[in-house]
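*Asks:* TrEMBL lists 21-39, 250-276, 307-328, 348-370, 424-444, 700-725, 757-776, 796-820 with the feature transmembrane segment. Annotation source TrEMBL lists domain 'ABC3 transporter permease C-terminal' at 260-379, 707-827.
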Amino acid sequence: MISFRLALTNIKRKHSGAFSFAIIVMIAVCFFNMIISTGEVNKSFESQSKKLNGTDYYILFAPNMYYDDFATFLESKEHVTGVNAEDVITFSGEYYTPDTNPSTTSMFIQNINTERSISKIDIINPQENKSGIYLPIAFQALGYKIGSSFILKDSTEQEYTYEILGFCNVSEFGAVSNLSQVRIVATTDVFHELSSNYGTKTLLNFTVDDYKAIHYIESQFTDYSSAYTSNTQCIEQASGRADFTTAFTLFASIISSIIIAFSVVIFIVALIMAIYRIKSGIDENLTAIGTLKVLGYTSKQIASSYVFEYIIISFISSILGTILSYASAPLYHKILILITGVLIKGTVHIGIDIIITLIITLLIAITAYLSTLKVKKMHVAVILRGGLLSHNIKKNTVELEHAKGSINQILCLKHLLMYKRQNISTCIILTIISFTLCFGLILFEGFGIKDTFIKNVLDSELTEGNVTLDTHADIEQISNIISSNKNVHKIIRIGFEGVTVNNTSCNARILDNFENLETISLAEGSFPINDNEIAVSIHVASLLHKDIGDVITVNSIGVKADYIITGITSSTMSYNTYFSEDGYKRIYAAYAPSTICAYLDKGYTYEQFADFIFSKFGYTQSELLSGKISYDTDDKYSAMKHLIDSKMIKLKQNFNIDSMEYALNIDGNTVLSSGTSTYPIKEVYSTASLLAGYLNIFKLAFGLLAIFILIITLIIITVVLSIMVKQTVNTKKLEFGILKSLGFTTKDLRKQLTFSLLPSVIAGAFLGSVIAYQTTLPFISKMISLIGWSGIRYELPSVITLISAAMTVTVFTYIVSYLLTSKIKRISTYELIEN
């Protein structure tokens, strides 16, 4: 009890320092509790999936490529517990409201009245007899409101405006930042209007009772459906729960890793400040400690008082930090909803809160105990001599009468050399704080501004000009025409097919020239050159347990061939494999490229490229279907041709017709003729714009996180400096009193104290920035690899980021230090000497 009362006395006597230390601990505990919320994402995702009977595997078919036999085939398979097929609309373009900026995405549009047993939709407060759409709950976090207009704009600039009737919970595809699809629900009339313009595709979902069997079932189905339709492109998309769960929770996992690292950094600062305060407090109060020993207090009781002081502060601040984490949970959950699409219900986890509080308190108590060992070793006589074991005649390293410069500069230097321990502590703490600030800025630059990481995830070649060709198009002629554009410096021809590799369904990417690639990068090895070589993503290599030099068997519509793995791309989530054109023709002789990717010169925009394509080939099929084309309304044949051509292209796409031709004869004269061959270009689009749409969401999420880290870092700097400056002022009161009596002004003393800290601050600021510059992204990469994401590639941040962080810490520290020294002004010369 004696030690406890001494501890309470110390807290009351130094309440401002205790409060400052409590703030640091409170912030650390708040962050540790946030980690729990992040960890609830996977649990919430699975809970929502179970509630809505989420799919274990989904398959999206090309138009008119689905047959009822496909569902029968799956139902006959062992482990398959449910099959559901429904018509959906796939839409690529932009969405926005009158009050928001456009965002680029791809989406599934589903009919609210469709009966579905898998991947059900939970409409929140449905509105009867109204026309419009329902958005995933994540859109609410972006500021979308019920009753607002929701605008869809396709690549041809055609706009469709609908009312937002409400929001819904979905088992997958509910995040606005995920890297595949966004899922929205339309009323029947809206669905029919959009389907009349864009057609429908069939989405097939199935569930299993043993997820280990999913890849085998899916690979069998891929072979079956390709053989059934004699088409390797009958399946447009396919993915399993493990894959799209990872896509949804990826950035929640990244944020979790960041918060863990940030929490640890803050807690280390708290431990260092505990050591600093205790040791400085012992030095400052040696006379009081000696007096207590003379009065009969034992060294154990005195040391225990310091330990109890920090136990009390840590325990109370941990409780307050826990309360703060619950108070800030709604804001943090909004960020998680934004990037995962999962509605996270705030839960109270008292047991975990108690464990965190006890661990934090115990670690600080141990640190405090180790810092008080000095008290036990010192005798009363030594303590009363100010801690000196013998005469301590130090060398006067800075002699005032011989030193050059102003008296304030000389005294700053003298203070710097005399208080080495304080300067070392300042340097260490500022190194950690600068590291933290630079940590946040680098993350914002690496994930919110630069696109290297997202390119890793997408594993797609991103170009400004992409031309999708019809099956009858003359690929050589079109390639030559595009290459003749002086603003196109190179092109690649690429095809998208489906194959199975060792009973695993994969995407085949066939390229004519791998040397022209700019976005897709190799983690190791090389792209295929010979026709018996193949490159695979790191995700595929991991699934197959294969490496460079290994042989794999690839199957396409029953034709099999062996290939040697020569390279592994850096994609962490794609199922992509890469072939040369000659290599893929070994298993599919009828292959023809489907897309031309054009690399545009700087300053030459996508809109200019689209105009060039129009000048050479006329309208694209997508423009024709949108109805946004011009024709002579006074010419009945022109109007008729527009109507017939639109119907013809719609029939071709919706029913997978290869080609159509027509002619109108009047009195033996052909007055009108055309056909699908008139429109060799399906669509012109920009994959780079798609990346920009994803980046907007990441910039928002990581920008908020970076700002949050910046604010917390500046608060910690203020708190730490508050403790250190006040401690220094208290220690040097007598010296300041003497200097004031000698004629030094308050301004002089404040400058001396502030500038004496600057060398340590500058050294710590730049040292912390350099350490963060070298270690932040490798550290995050390692953290992400622990949750199953290997091969993450990154770019080193710019040197400007490093300098900005160091300068921010230095300037802010100087300003705060100078403001904190204002305490000197309020104390008279007599009082300074008296104290």
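Every residue number used here counts from 1 along the chain in the order it is shown.
Placed from the backbone N, Cα and C atoms, the Cβ positions cover glycine too.
Just so you know, TrEMBL annotations never went through curation; they're auto-generated.
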*Asks:* Taking 21-39, 700-725, 757-776 as candidates, which has the most Cβ pairs under 8 Å with the transmembrane segment (424-444)?
*Replies:* 757-776
*Asks:* Would you kindly list the residues that approach the transmembrane segment (796-820) from elsewhere in its chain, counting only those six or more residues past its ends and only Cβ-Cβ distances under 8 Å?
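*Replies:* Sequence-distant neighbours of the transmembrane segment (796-820): 430, 433-434, 437-438, 441-442, 445-446, 714, 717-718, 721-722, 725-726, 750-751, 753-754, 757-758, 761-762, 764-766, 768-770, 772-773, 776-777.
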*Asks:* Could you give the residue numbers and ranges of same-chain residues that sit at least 6 residues beyond the transmembrane segment (307-328) on either side and whose C-beta is under 8 angstroms from one of its C-beta atoms?
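*Replies:* Distal contacts: 3-4, 6-8, 10-11, 18, 21-23, 25-34, 37, 274, 278, 346, 348, 353, 356-357, 360-361, 364-365, 367-369, 372.
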*Asks:* Which range wins on Cβ pairs under 8 Å with the transmembrane segment (700-725): 250-276, 348-370, 757-776?
*Replies:* 250-276
*Asks:* On the DSSP side of things, how many residues of the domain 'ABC3 transporter permease C-terminal' (707-827) fall into helix, strand and coil, could you say?
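*Replies:* The breakdown for the domain 'ABC3 transporter permease C-terminal' (707-827) reads 102 helix, 0 strand, 19 coil.
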*Asks:* Per DSSP, what is the residue count of the domain 'ABC3 transporter permease C-terminal' (260-379) in each of helix, strand and coil?
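*Replies:* Output for the domain 'ABC3 transporter permease C-terminal' (260-379) reads 103 helix, 0 strand, 17 coil.
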